[in-house]
Amino acid sequence: MVNTTVLGFPRMGSDRQLKKLVEAYWNGKVTLPELTSGAQKIRASSWDQMKSLGLDFVTVGDFSLYDHILDTAIMFNVVPPRFQEHFKNELDIIYSEVASNTFDLSKWQDIYFALARGIENNKSTQNNCVGEQDCNNQKKDGGLPSLEMKKWFDTNYHSLVPEISSESDYKLVNLSLVEEFEHAKKLGHNARAVIVGPITFLYYCKLKDSLNEDSNKYSHAKKLIKVYAELIIRLENAGCEWIQFDEPILSTDIDDNIKEYFQYFYKNIDLELENQKKNLGVVNYKKKIKFLLANYFGDYNDILSLALELPFDGYHFDLVYGKKDLSESLFRNYSTDKVISLGIIDGRNIWKNDSAESETILNAALKYIPNISAISGSILCDESNPKLNRSLDYQSRKKLQSEIFKLPLLPTTSIGSFPQTLELRKYRQQYKKGEITKDEYDEFIYKKTEQCIQWQLDLGIDVLVHGEYERNDMVEFFGENMTGFTTTKNGWVQSYGSRCVKPPIIYADVSRVRPMTLEITKFAQDKAWEISNNKNIRVKGMLTGPVTIIQWSFVRNDVHISRVAEQIAYAIREEVLDLEKNGIEIIQVDEPAIREGLPLRSENHEVYKKWAVNGFKLSTSGVKNETMIHTHMCYSDFNEILPLIKRMDTDVLTVENSKSDLKLITENCDFAENYHAGIGPGIYDVHSPIIPSKKEIYTRLAALLKVFEKDALWVNPDCGNKTRTEEQVDLSLKNMIAVAKELRALI
Ligand code: MET
Ligand SMILES: [Zn+2]
């Protein structure tokens, strides 16, 4: 028998109902009971939609008020010590209730959002840190930092990173999943529960072990087995028939250590269930509930035979991104008493499904579908093409540039955007609705830009930006100004928490029709010269690179992606050259998404690196050696992509890293030892409303100065300022600039 189902359903709602609800709760406009019932309504309407589409199962557990990894962490009591301490009273009540089998979900709500968003100004945490690592994390005078974020595999969604240690006390303390299941059942749905599998969960966890330095985070699977089993028994008792364990980690290169714990957990979970049931006095303790192993985003590759030996009742195969599974031993060795789940619709893109193709896959599930990975015939393959390379190497360019720019040591700059204020958003909306004219809108944008220049001159920042007020989104803006793109009204994709983006669609050949940023950048530069009466004040041109434009769009799939990259790169190159011709001498081409595009399997890395690196170089290397090229990247393990970054050959790289407390760059020194061009490691976290203190900035800069050459270091926030308020930006930049100036005098 063939059933139809989905692995999960978008949680945000077509009109971002969830975002609005959650933000209203944060702003105190909606009460906790209203939040709860609002969320229930959103879930229920998704189930209705799944049912009316004719699916045989609905899913529960795929919904989340903020993030599904955070949900998993909360469910199993993974609360970092700083929050345990802060919420001691609340947690004591929760734990004592749990001990008497009472689970009050509402008691978790504020703790949950605090982990996600941090807490401002918490005096009680002052001077309570143990060891340097904790000190960094405590933001002594600035409250409690939220959990870090990490990209969800190769997508642009950000998950939170739970913190575990040998002291983690895993226990089942939150039953929201069971409650959701019961709700769906009451509404008459046949629901499958979706949970993040332990290995994927641990992949997202960060080990903060001060006690046990050699500890291996995956070994925590041994401890987690108990709490997972407890949860499963509760779901089974509630009448749940299927559990889907999401383990997309299987689509990555997994080492023997991960393999060992993957095998350990799923081999032993049945036994654990039986033991717990026996202890509970259940007579018929054999497992009734069924397990589906869901791997997606790629193929099982060499883990397939191991996975097939484990006691799962069904397996999901991603036949869109994991085509290789089809060709392998899949159907040859597949036991007929196991359910097979075939992912034949591309859930990550918007193209209407080719049902003839799906039929072919279904009918002859054994046939190999060749992987279209032909990157040939593109200029991006030809490393030595002069169009891809600057004529001088970095050191020689640096000499030329330092003579021209005369920047001080530790030059200060920002990443580009300035606050998208309520007023600005109102103007944009009015303009989009046709309530104000283009001239009125432009007048406002230019006024804001001028004010931003004045503001930065007052602050004394060394390299200015125009503020990016004219763009709502760094990809959408370029999409709107090039051919081959179209936009959607409701194609929302969750980025993190309540934040959503609306990726454009690339449906045809891309080219630039007109200059896109020239006018406003030139305006900003002229204003800067006029106001300061100083030709040495420079405004950075601000563009988005081809990789990020591709990663954050729905891309046509009828030509190889390197073709699309090549076309976008030519368009950006034209813009770069126009800026340069008009006196812009520092140009930043942002590539925040470069890491997330890296294929999950290393065997596919080189093809990606080729088009990604060369796409960036084609965009930027047409300039004179005197022109300074910056790039910016976020959310990356920079050590991991160091060779790729070096190949990009930029003059200055600014990176997000303050959420990782500079550890990636300072402790694990690969990066510092091997990267010798200009570098601006984000000196504070713009994602948090907390103002970084001078002391904190000083400590970080001092740490950086120990590992980087002083004339290579730039001082900047870790990402754009657009989500902050003007006041927050002002105070943060003031502190940052003051510290840079102080330190400059000392080194
Ligand atoms: C996500 S990276 C953002 C870079 C962009 N220039 C900005 O400042 O917003
Ligand atoms: Zn960024």
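Note: Cβ is positioned from N, Cα and C throughout, glycine not excepted.
The annotation domain 'Cobalamin-independent methionine synthase MetE N-terminal' is assigned in TrEMBL to 4-365. What TrEMBL lists as domain 'Cobalamin-independent methionine synthase MetE C-terminal/archaeal' is 410-741. Positions annotated as L-homocysteine binding site by TrEMBL: Ile415, Gly416, Ser417, Asp590. Residues or ranges marked as L-methionine binding site by TrEMBL: Ile415, Gly416, Ser417, Glu468, Asp590. Per TrEMBL, the feature active site, proton donor maps to His687.
Positions of the features from TrEMBL, shown on the structure.
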residue: Ile415; record: L-homocysteine binding site; contacts (Cβ under 8 Å, 6+ apart): Val465, Asp590, His632, Thr654, Gly682, Val686, Asn716, Pro717, Asp718, Cys719, Gly720, Asn721
residue: Gly416; record: L-homocysteine binding site; contacts (Cβ under 8 Å, 6+ apart): Val465, Gly467, Glu468, Lys540, Met542, Gln588, Asp590, His632, Gly720
residue: Ser417; record: L-homocysteine binding site; contacts (Cβ under 8 Å, 6+ apart): Val465, Gly467, Glu468, Arg471, Met474, Gly720, Asn721, Lys722
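When other Cβ atoms within 10 Å of the Cβ of the residue listed as 'active site, proton donor' are tallied across all protein chains shown, the result is 24. Those residues of the chain, other than Ile415, Gly416, Ser417, Glu468, Asp590, with a C-beta within 8 angstroms of the mean position of the L-methionine site C-beta atoms are Ser414, Val465, Met474, Met542, Gln588, His632, Cys719, Gly720, Asn721, Lys722. Considering only the residues assigned to L-homocysteine binding, Ile415, Gly416, Ser417, Asp590, the longest pairwise Cα distance works out to 12 Å.
Predicted-model confidence for the domain 'Cobalamin-independent methionine synthase MetE N-terminal' (4-365) is 89, expressed as mean pLDDT.
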